[in-house]
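According to TrEMBL, the features are:
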type	residues	note
DOMAIN	4-210	domain 'Porphobilinogen deaminase N-terminal'
DOMAIN	226-294	domain 'Porphobilinogen deaminase C-terminal'
MOD_RES	Cys241	S-(dipyrrolylmethanemethyl)cysteine
Amino acid sequence: MKEIKIATRKSILALWQSEHIKARIEAQHKGVKVVLEGMKTKGDVILDTPLAKIGGKGLFTKELEDSMLKGETDIAVHSLKDVPVVFPEGLKLAAICSREDTRDAMISEKFAKFSDLPHGAKVGTTSLRRKMQLLIMRPDLEIISLRGNVQTRLRKLKEGEFDAIILAMAGINRLNIKAEVAHIYTFGFDEMIPAMGQGALGVEARDEKKILDEISFLNDETAVIETTIERDFVSVLEGGCQVPIGISARLKGDEISIDVIVGLPDGSEFIKDSLKVSKDKFQSVGKELAHKFIEKGAKELLKRAEEMA
């Protein structure tokens, strides 16, 4: 291929991610030109409604997928945590790149640690997963919906609308915003379990051999192993990207540490587990763990969670 067109959202983070993949492809394949085609998704346009209330899957991917299916673009670069586990016919998840820091972080102008937040503090996040885990730790907090890109969220924090906001460490690192904020507190996995695929970039592509061959080099073995477990778990539970499910798989040597939580957005009920498995179990453990959670009532919890949202 002489030219590869990348469908991308226009947010600063999305453009960074697409530029990063563009540079890697052009470095790998001399003579291949990579072009970015910016577009808006439903999730970018509707900013006055919490994501869970908009409903549907693929809020940040559908328009990009449509452009690939029409042949207008060839690939799309996503934050893997925003990518549904089922793809439209003709498209596939072609590459999973090496992961950034997978953890969540609290950003604040006044408070250095999560435990420093005063009673009734206002914390900004739209994620039901984050809301659930914040309220499990601190039921007194006032969790307020916060939409928009990273810069918009930081502006609202600095203007005093929130005592703290929650962001992914991956976005903080990729956009190099540490110098712009007073305090960053990184949550441990025992405090807040990340979303499936958090910290990884996923490259979606048309299911055509010439395209898939060009980008297969982007795959990172560790990221593939970890996110396979995470996405398998969510797939069996039939949970979308906006439901309160946290799952983190971390490979070290030949051992994988897994933390998982499913519950209600208000933190009043949840199922949680931690385990370690050998690396060779990665293709089955996500599904097996999901079935154990279903036996404990996870599907009923998620159904109630959607009604509450």
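Placement of Cβ uses the backbone N, Cα and C atoms for every residue, glycine included.
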- Message: Based on DSSP, tally up the residues of the domain 'Porphobilinogen deaminase C-terminal' (226-294) by helix, strand and coil.
- Response: 25 helix, 26 strand, 18 coil
- Item | Local confidence of the prediction over the domain 'Porphobilinogen deaminase C-terminal' (226-294), expressed as mean pLDDT | 95
